[in-house]
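These features come from Swiss-Prot:
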- Gly113, Ile133, Gly134, Asp135, Tyr136, Val137, Leu138: S-adenosyl-L-methionine binding site (BINDING)
Amino acid sequence: MRIDVISLFPEFITQCVGFGVIGRAQERGLLDLHNWNPRDYAQGNYRRVDDRPFGGGPGMVMLIEPLRACLEAVRAADPQPAPLIYLSPQGVLLNQSRARKLAMLPRMILLCGRYEGIDERFITHEVNMELSIGDYVLSGGELGAAVVVDAVIRLQEGVLNDAESAKQDSFEAVDSLLDYPHYTHPSNHAFGNVPEVLRSGNHVAITRWRRQQSLLRTWLRRPDLIDEARLSKADRLLLDEIKRTHPMDTDQKASVSWRGV
């Protein structure tokens, strides 16, 4: 998959995605990543990329022309059509379902804003989607772009050594439940012992335990996902059993995610 990133700080993106799974994806040719700096397409001795906003107010706004020229160069580098996705807190929220849809694209262009944002006229005429990674504000779109790259590329065939890893991740199943707990050696530790069922060798019991734990975690931490999930009759029976053995009111449920913070 080819991903082009337009950013005033291209080194930021390179550093963020140059390690681990995504770094190996680049080495294997599964991710073709290209960084573009609008400043390289700005005019004048100072290569200015921003100016004061009309109407006054704090901060600066990114100029249309450097962005337009940069985007033209991006499109000229590869004739394959690609949506321009602007990382913005005003965009639609990135979730696993949307990541799967983006992963089906052969190519996409990510646009990172800075300062107070980008001239609205450029957004109106060129941007195909505004995408947010959460209801908070960052200094720029680079972190968001790195998140999108990671979320999308790990879904590409051959990126993960074990394809089942992606299928078992939180939000990845058809019902979008949270993942079950994972344990490794040693089996006994001062922090606690590995549940006996996982050491039993009984794969039917292990599968049931993992499903039950997935339901429990989702019910405690993200009850909204339980409401949206397409649970089977067996799942609902498991969930009813969980609710009987883990009675918690709303305040207690909320405290689970915070762990006392």
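Using N, Cα and C of the backbone, Cβ positions are placed for all residues, glycine too.
Of all the binding-site residues given, namely Gly113, Ile133, Gly134, Val137, Leu138, the one with the smallest number of surrounding CB atoms inside 10 A is Val137.
Largest CA to CA distance in the S-adenosyl-L-methionine binding set (Gly113, Ile133, Gly134, Asp135, Tyr136, Val137, Leu138): 16 Å, whole number. The Cβ neighbour count for Asp135 (S-adenosyl-L-methionine binding site), using a 10 Å radius over every protein chain in view, is 7.
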